[in-house]
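Participant: Feature list, courtesy of TrEMBL:
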SIGNAL    1-21  signal peptide
DOMAIN    31-129  domain 'GOLD'
TRANSMEM  187-206  transmembrane segment
Amino acid sequence: MYLFPQIVFIALLSSLSLTRALYFHIGETEKKCFIEEIPDETMVIGKYRTQLWDKQTAAFLPSTPGLGMHVEVKDPDTKVVLSRQYGAEGRFTFTSHTPGEHQICLHSNSSKMALFTGGKLRVHLDIQVGEHTNNYPEIAAKDKLTELQLRVRQLLDQVEQIQKEQNYQRYREERFRMTSESTNQRVLWWSITQTVILLITGIWQMRHHKRFFEAKKLV
């Protein structure tokens, strides 16, 4: 019997300017997805490492090198932005080109399932969005920036990320307004249609009753 992968959607509700770190467990056929709201033209870096459940020690131990993880990222239009096989520990990056909810999915490679048959895998995931993807010590060393210049660079990056977030919020408000107007318009036309149907039905009933009374010579 074929078992379809179970997909679990988890909404990360914290601010986009923060770094998210979490861990989760997956089984042999599981696929777990996370929904991340990202403004357009924003870099995202994900880092992960896996641990394998060991029955003898009853603890999670570092995974064997043969175990891998497949990472797939889809944009709000369900277009695949990233789809790649990684090792037991890895790092993936992508840049959003469409504002909205991006789906980040991870699952273990099926060819190595025998390594943890009947067990479970723990995945530690760290997602960084926006200016938090920048390695400022490396930037300072490369561009030979002073502490003050580096701080100014950080503030400029933060301001740019705030502007992107504001633009994304305006985009969401505009979509919500269009949806509300469309819904109100449909409700209005439905009300008008109901009124017209009632009027037509009332007129038909009046004419029908009139003909009935005339046939019975009651009028």
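Every residue, even glycine, has its Cβ placed from backbone N, Cα and C.
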Participant: As a quick check of your reading of DSSP, tell me how many residues in the domain 'GOLD' (31-129) are helical, how many are strand and how many are coil.
Facilitator: 7 helix, 62 strand, 30 coil
Participant: Taking the domain 'GOLD' (31-129) alone, what is its mean pLDDT?
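Facilitator: Mean pLDDT for the domain 'GOLD' (31-129): 83.
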